[in-house]
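The structure under discussion appears below in the form of C-alpha cells.
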Amino acid sequence: MPEHAPDGVRPARPHHKLTADGRRMREVLTYSRRGSRFSPRQQQAWAAYAERWWVPDEAVDDPGFTLAGCFERSAPLIVEIGSGIGESTVALAAARPDHDVVAIEVWRPGVADTLGRIGAAGLSNVRLLSVDAVWSMAHLVEPDSLAALWTFFPDPWHKAKHHKRRLVTASFARLVAGRLAPGAEWRLATDWADYADQMVEVLDAEPMLEGGVVERWAERPVTKFERKGIAAGRAITDLAYRRRGAAR
C-alpha cells in the first residue's frame with residue numbers, strides 16, 4: 001500500500017526537501033518549474049475554479065490524503081502526467097464520464113488554463129495536482145489500480161547531460177507497470193526521436209508490459225506542444241503499452 005513519508009518532510013515537492021540538519025536537499029527532478037505569472041484570463045479561471053478542482057500541495061502532503069477522496073464517487077481512475085494547458089485532459093475526460101481523471105501539472109499557468117477548459121466543458125470528473133509525478137505514482141496510486149496512464153509530450157531534456165532527468169526510465173516503467181490494472185494501457189507521445197527510442201528500449205525491457213510504437217491515437221487532440229514540434233520539423237511518435245494479464 002502507498003505510504004506517505006515521515007512527519008516533517010514535504011514528500012510531494014522534492015524541490016522543498018531538506019536534510020536532517022535543515023539544508024536544502026539536491027534532487028534530480030523530471031520537471032522544471034517555469035514562470036508562474038497569470039494572464040488576466042488565467043487569473044479569472046483560477047479564482048473561479050481552483051478551490052473546486054485543484055488540490056493544494058499542502059493537502060497532498062497530509063498523511064491522510066487519498067486520490068479517491070478528491071472525488072464524490074467511486075470510479076475507475078486515470079492519471080495524466082504533464083497535462084500542460086489541458087487540451088488532451090479535457091477532451092479525453094469528456095469522452096470518459098464514468099472515469100475519474102487526475103491530471104498532474106506543476107506549471108501553474110497551465111493549471112489555470114486547464115481549470116478554464118474544465119469549466120467551459122462542464123466537467124466534474126477531473127482534479128489537478130501540482131506535485132511530483134514520480135512520488136505521486138509511488139505514494140498515492142494503489143498497486144494494480146489504474147485504468148490508464150497518459151503521458152503526452154513529457155519534457156525531452158534533449159541535452160545529453162540532462163537525459164537523467166527524463167521521466168521514462170527503467171525504474172519508473174517498473175513502478176507504472178505495478179500501478180496499472182491488468183490489461184490497462186499507458187499511452188505516450190513525443191516529438192523527439194531519441195526520446196521515442198529511449199521509451200521503446202525501456203518499455204520493451206519491462207516484463208510486465210507489452211506494446212510499442214502505434215499509429216497516432218485518434219482520440220488524442222492535436223495539442224499546442226504537438227503543433228510546435230510539427231512546425232519545427234519533428235516527427236510525432238505515439239506509443240501504447242499494456243499491463244500484461246487479463247483485463248478486469
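The backbone N, Cα and C atoms fix where each Cβ goes, and this holds for glycine too.
If you look up Swiss-Prot, you'll see E80, E105, D132, D155 marked as S-adenosyl-L-methionine binding site, on the strength of sequence analysis. Residue environment of E80 (S-adenosyl-L-methionine binding site) contains 26 other Cβ atoms, counted within 10 Å of its Cβ in all protein chains.
Classification of D155 (S-adenosyl-L-methionine binding site) by DSSP places it in coil, neither helical nor stranded. Annotated active site per Swiss-Prot: D155, in sequence order, evidence recorded as similarity to another entry.
Annotation comment: Swiss-Prot describes K159, D191, T223, K224, F225, E226 as substrate binding site, evidence class sequence analysis. Of all Cβ atoms in the shown protein chains, 21 besides its own fall within 10 Å of the Cβ of E226 (substrate binding site).
F225 (substrate binding site): 20 other CB atoms within 10 A of its CB, across all protein chains.
For the pair formed by D155 (S-adenosyl-L-methionine binding site) and F225 (substrate binding site), distance between Cα atoms is given as 10 Å, rounded to the nearest Å.
Taking only the Cα positions, the spacing between E226 (substrate binding site) and E80 (S-adenosyl-L-methionine binding site) is 16 angstrom.
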